[in-house]
Amino acid sequence: MGLIGKIWFSFWIIINSLQASWPLNYVIWTASLPSGITGADLAVFAACFSYISDITTPEDRTVRITILDVSYLTTMPIGAALGKYLFRLLDKSFTVMYIINLSLLLISFIYSLIRLEWATTPQQKPLNVCCIKMKNVYHVNGQQNEGVTTANELPGGAAEKQPNCLLDFFDKNHLLDSLRTVTKKRPNHGRLFLIILILGLGLYTFQRDERPMSYLYTNHKFGWTVDEFSDYRTFQSAIFVVGTFLCIPLMGKLLHLSDTVMVFIGTSSHAIARVVYALAEAPWLFYLGAGIAFVGPVVAPVVRSMASKVVPLRERGKLFAVLSVADTSVPMFSGTIYSQVYNANIHDHPSAIYWVTVATQAGVFIIALVIRILSGNRPLESCAVEEKEESPAQE
């Protein structure tokens, strides 16, 4: 559904760009709102992380989720550089740029349709069961049978109709189930771990809104132009991609470090880099800070991997939906906080924005420390206990 929403958005942006007489607010009603209903990026990332978690073992999960993180982190510097070149080459045509975007999304959709498994857990229902053909499910002598027959034609059969696909999409019970996944009691402090890991992911992503303030700061402090800041950001993004790709296998597979230790290293790396930024008196120190922070991006995939180990297989999709909400909802207020801190200290201490990031990274460090202390020598998988379903004979 997320990819469908992205395709819809790009298609209608193209249509809007070709209609010179249409007002700008048509973009909201034709593109943004319908795309938002499908979940768009939120649904794509939740589904991707859930899929990877379902098909990998706990031992390999951190590395696999990191590779997934790297796959979309890589597109940031490449997309920025290539997009800038194509925009000039195509005579600054937004229409053609979005046609290219739509083509890439269609390729992604077709690949997903052909190559990916329709269901990765027994609880998931294929599309042809849920939507394409309405089937009746009959329970006869404890056996489940599917067909288009009515219950009257099966002695002792009780018909249970599958939900309508459209109504199921808007079913509020999905939201309630996701909330129950987070709040239900689990053994070995599982509920506490899950809640603070979600909080930790939110605190970690808080730093994303530091970037626009960093441009204002470097412009104010060093007189950097847009091109100079863009060069720095390209270097920083490339360092982050390389660091994420190399450090997780090195720390996890070769050094056999635990997830919590990797979080300690990643958050410390980010915090030290911000201290360098805040105290920098020369532009080259920002490049040094980016080099120090190259281990930092390991935190997000490790936190996601830790959270997936706390819940059983059947609940991971709901968990990653909640994690995606935590990841994407933070900018609703983090940008305002960074902006207010910068404006309040612009004349005396404009570098205060970096101390905000130090505080949030310290929060993630403390969360990992709490999990480390409370879990002791127990693996996080000890919290993931499957609930036993009662059979009809026991009810």
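Every residue, even glycine, has its Cβ placed from backbone N, Cα and C.
Note on TrEMBL: of 33-54, 319-340, the range annotated with the feature transmembrane segment is 319-340. By the Cβ criterion (under 8 Å, sequence separation of 6 or more), the transmembrane segment (190-207) is not in contact with the transmembrane segment (7-29), since fewer than 3 such pairs are found.
Annotation: stretch 286-307 has the most Cβ pairs under 8 Å to the transmembrane segment (234-254), among 93-114, 261-280, 286-307, 352-371. The stretch in 7-29, 93-114, 286-307 that contributes the largest number of Cβ pairs under 8 Å to the transmembrane segment (261-280) is 286-307.
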